[in-house]
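S.K.: When I checked TrEMBL for this same protein, it listed these features:
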- B:6-29: transmembrane segment (TRANSMEM)
- B:41-58: transmembrane segment (TRANSMEM)
- B:64-83: transmembrane segment (TRANSMEM)
- B:92-116: transmembrane segment (TRANSMEM)
- B:136-159: transmembrane segment (TRANSMEM)
- B:191-214: transmembrane segment (TRANSMEM)
- B:226-251: transmembrane segment (TRANSMEM)
- B:263-282: transmembrane segment (TRANSMEM)
């Protein structure tokens with residue numbers, strides 16, 4: 001059985017039908033990506049999985065239990081963490097306080113070892129641990145958001161457009177970290193507009209257009225797919 | 001010596017404003033709403049303490065604890081019944097609801113305790129003579145200033161050092177992100193109302209100890225002034241509420257003494273307008289640049 005199994009979800013913002021009959025799954029140990037342009041419904045899907053939005057139909061199953069009606073604040077303790085769109089770090093709190101919030105549901109004894117692990121992965125954050133997050137650069141804030149999510153020791157990590165607004169060299173760095181996290185055993189669901197980067201790290205991908213899945217396949221296949229090339233990879 | 005005595009009375013009045021303003025600012029900081037019923041919770045606190053002493057014969061300190069307990073429950077109930085259903089509504093709807101709750105509390109008090117003022121016996125009496133009796137400070141004043149400082153320090157430590165306090169700050173910044181961390185936003189907001197209302201009870205007892213009388217409208221003017229103090233110091237900021245409250249008390253006291261008793265409130269609000277023109281976020285208001 002898949003680790004995360006999303007079946008036939010339909011999500012609305014008022015009258016707007018943002019996500020239409022979407023089904024996909026993520027197996028343990030995989031990196032799966034959802035790619036698509038602005039407004040394709042990618043973030044809406046992640047928000048539905050993490051409980052911030054509700055689907056009118058279908059089901060969201062994680063580790064064999066239905067999480068469709070579980071409130072957002074109870075999702076993380078099930079092993080599902082999300083790095084939200086636009087990072088959403090707590091700007092007025094210090095780097096270390098942000099990370100502590102990431103471990104909110106963990107027992108106090110796990111916080112210090114958790115911090116050490118995150119600082120190993122992101123030495124930059126260690127240098128800036130006492131700094132207010134609002135003073136970090138965009139790339140550093142993305143690292144902080146990822147580190148914060150890792151503090152909860154997730155089984156599945158969902159990343160919402162980690163490359164957004166970052167310089168190409170930083171995008172490379174962020175994707176290196178995604179690879180490292182994957183090699184360390186974290187299952188990853190990655191939402192991206194940067195199809196090239198996303199497909200190059202992903203085992204499998206789904207291509208979204210205006211709320212529907214139009215194509216699916218392995219990362220390598222989708223990179224070679226003519227329609228994907230045309231739409232997302234500049235011919 | 002005269003100036004010093006006005007200054008001291010200003011600081012003690014300001015300490016009461018500061019305690020009320022701390023409640024305002026915490027609720028605003030986390031729930032992003034102006035709880036205009038806050039002043040009336042002060043009045044309820046005063047009445048509970050009054051009843052505990054006059055009808056039940058309890059000692060003053062116990063009446064304070066009782067008032068705090070009742071107001072804490074009241075605050076949580078108000079939040080749960082009146083504000084929580086409006087969490088997704090526009091801020092204007094919440095504001096109007098808060099004004100409605102304020103009228104409801106005043107009229108409920110009118111029904112229960114009547115319109116005529118009750119004589120309130122201060123929780124502590126007596127005064128401390130200084131400089132051979134040329135200057136006296138009442139024990140209520142000392143208690144008020146002491147309580148205010150203790151409360152400010154306690155809140156600063158709570159929000160800065162404890163897990164729950166940090167979760168509160170996280171909620172104040174970004175509720176969706178806080179939920180993703182596993183923080184129960186509704187429970188955090190309830191807790192904020194509980195703390196704010198307990199502070200309102202303390203403020204009610206101190207306020208009534210100064211004025212020694214109590215009416216259903218007792219809380220409204222100090223409530224508005226404390227709100228002013230919170231904005232003055234920078235709404236959402238704990239040290240700001242403290243500073244704003246103390247400054248407001250001093251300005252009011254000195255304006256009454258040296259300019260005009262009638263004009264004191266006008267002067268107070270004029271100062272607020274000037275401060276906000278120069279520094280719109282208030283004296284210690286937070287400004288964090290957002291990087292995209």
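From the backbone N, Cα and C atoms, a Cβ is placed for every residue, glycine too.
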S.K.: Would you kindly check B:41-58, B:92-116, B:191-214, B:263-282 and say which stretch has the most C-beta pairs under 8 angstroms to the transmembrane segment (B:226-251)?
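M.R.: Ranking B:41-58, B:92-116, B:191-214, B:263-282 by Cβ pairs under 8 Å to the transmembrane segment (B:226-251) puts B:263-282 first.
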S.K.: Run the contact check on the transmembrane segment (B:136-159) against the transmembrane segment (B:263-282): 3 or more C-beta pairs under 8 Å, excluding pairs closer than 6 in sequence.
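M.R.: Between the transmembrane segment (B:136-159) and the transmembrane segment (B:263-282), contact is absent.
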S.K.: With the transmembrane segment (B:6-29) as the reference, find which of B:41-58, B:64-83, B:191-214, B:263-282 contributes the most Cβ pairs under 8 Å.
M.R.: B:191-214
